[in-house]
Amino acid sequence: MKLDGYTRLAAVVANPIKHSISPFIHNRAFEATATNGAYVAWEIEASDLAETVANIRRYQMFGINLSMPYKEQVIPYLDKLSDEARLIGAVNTVVNENGNLIGYNTDGKGFFKCLPSFTISGKKMTLLGAGGAAKSILAQAILDGVSQISVFVRSVSMEKTRPYLDKLQEQTGFKVDLCALENVSELQARIAESDLLVNATSVGMDGQSSPVPENIVLPETLLVADIIYQPFETPFLKWARSQGNPAVNGLGMLLYQAAEAFQLWTGKEMPTEEIWQSLTEKYQ
């Protein structure tokens, strides 16, 4: 990578963030597309967020990515939000359009792009969890024409989850069904009629636990996805593959949400296949 007086910056902003794989992905992409850019990780305190956003304009940056805890906190400092960012209520990408700062959320698009030969339009989805990643998948599915969504959370989280689903219905007219994860017969019934089953919880990061009981029977055409990529194959995905179902981990979502951001910043397509190869070598 050659840096000079014309090099434009992009950064990921979060706390903590030094462990991030985003600089690896984006700097590879800058190099592969002969784009004069550099991507760094900025670990900042909340009190520095306003100044950090102001620096996007000040230094004529491409923009920034955001991770926890700043995806929602950044919104008041932006000029405009995309449809999906408004629906999700969180921003993971800020684009500098001639000094106008526009907030996007590329997580949902990245998720659906990483699913092999699958489109969500007209399909039924069962989603486990209702955190940040789940919200982005939910909102994008609705924007892309999903026909039915069943969200399962632990019964203690149902009250906390409902207001967001009500807000989604108010803004889109789409009603999401909310169910308790402990209700195994309901879980089985919903999965049986689904085209896509997604684990958007952190259950499985320990390499031992699974978000669903192993006696659940999966329909043979069901695609199973997990947003976790470390471990590369969670117990949930192993279980799905043992039933003969296609199963996808979260590494593709990480890559394709980055590719969406890269295109918004540069107008260029990220060479995802080439970078995917490097990522799988790193994590497999």
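The backbone N, Cα and C atoms fix where each Cβ goes, glycine too.
These numbers come from a predicted model, not from an experiment.
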Additional site residue, ILE56, ILE216, ILE227, ILE275 [criterion: listed by Swiss-Prot with ASP83, GLY129, ALA130, GLY131, GLY132, ALA133, GLY250 for NADP(+)]: ILE227
Binding-site annotation, Swiss-Prot, shikimate: partner of SER20, ILE21, SER22, SER67, ASN92, TYR229 in ASP79, ASP107: ASP107
Proximal residue to ILE21 (shikimate binding site) among binding-site residues ASP83, GLY129, GLY132, ALA133, GLY250 (C-alpha distance): GLY250
Binding-site residues near GLY250 (NADP(+) binding site), in sequence order, restricted to SER20, SER67, TYR229 and a 10 Å Cα cut-off: TYR229
Cα-to-Cα gap, SER22 (shikimate binding site) vs ILE227 (NADP(+) binding site), nearest whole Å: 16
Listed recorded positions LYS71, ASP83, GLY129, ALA130, GLY131, ALA133, filtered to Cα within 10 Å of ASN92 (shikimate binding site): LYS71
Assigned conformation of ILE227 (NADP(+) binding site) - DSSP reduced to three states: coil
